[in-house]
Amino acid sequence: MWFYLVTLVGLYHLLRWYRERQVVSHLQDKYVFITGCDSGFGNLLARQLDRRGMRVLAACLTEKGAEELRNKTSDRLETVILDVTKTESIVAATQWVKERVGDRGLWGLVNNAGVLQPFAYIEWYRPEDYMPIFQVNLIGLTQVTISMLFLVKKARGRIVNVSSALGRVALFGGFYSCSKYGVEAFSDVLRHEVQDFGVKVSIIEPGSFKTEMTDAELTIERTKKVWEAAPEHIKESYGQQFFDDFCSTTKRELMKCSRNLSLVTDCMEHALTSTHPRTRYSAGWDAKFFFIPLSYLPASLVDYLLAISRGKPAQAA
């Protein structure tokens, strides 16, 4: 019995490995649009796909980021300035992409732009602190997708949305986790709706990686600003010692982030170039062996594990 079961599992993984190794033809003729290319995953992916001969359309937030990327890549790669929080910027970028791809359409749309800071407890935030997180991570992503979807449909191409392991299990992260849960839901619904048009949607779920977004000093600096602006009754409820411990723990964990960004960009590249891309990619060892397995545990057990791993607020019950 066990022999047959192990054999079946082995054959399944062998078949999956073979299918996923099949590569889309004529990659050199395919256009890929990537948001958030100033640094981090987007920047590395743009260079990676450029080296592979694909036609990369890289969206950067700043002209400085765009210029630095152009200096590191071939003449095939083109850049455009895009602020995903501004509708007029998205409309202009869509027209720019349309002029370049023509009747071929857009093979790949990679929604990579994202923000993390400030990193705090939900009660500490003001609307002006958390709204930008939603505007970039979720609203911007949906608007870019809807605006460019007709170009992707024309190419029967791919949409790759960058979520997070914290979009599968909300251990911490305040509104960052909330925004990434939204990305997961949007991507799942979108995948169902566009599959009849030959469009495939993949979700990338990175663990903890060292990028500008996870810069420890900048994160703590912005977290302190949120705390300082919080009402006095909230500060008294948690206590200064609790906040200091929270900052120390956050900084310590951010310092552990992996520097191997290719673990993420390789997943993105596979989603764009394999004839059989995965629906979800868990990128990073912490995502594969901690966050994702934790998401399958009973909520009561996860709550207990979190409760014993952190300190108590000053006015805890």
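Cβ coordinates come from backbone N, Cα and C, glycine included.
Residue-level annotations in Swiss-Prot identify, among Asn161, Asn260, Asn161 as N-linked glycosylation site. Note on proximity: among Asn71, Asn161, Ser164, Tyr176, the recorded positions of the record, the Cα nearest Phe33 (NAD(+) binding site) is that of Asn161. Within 10 Å of the C-beta atom of Ser164 (substrate binding site) sit 27 other C-beta atoms, taking all shown protein chains into account. A separation of roughly 9 Å, to the nearest angstrom, links the Cα atoms of Tyr176 (active site, proton acceptor) and Ser164 (substrate binding site). A straight line from the CA of Asn71 (N-linked glycosylation site) to the CA of Cys37 (NAD(+) binding site) spans 13 Å.
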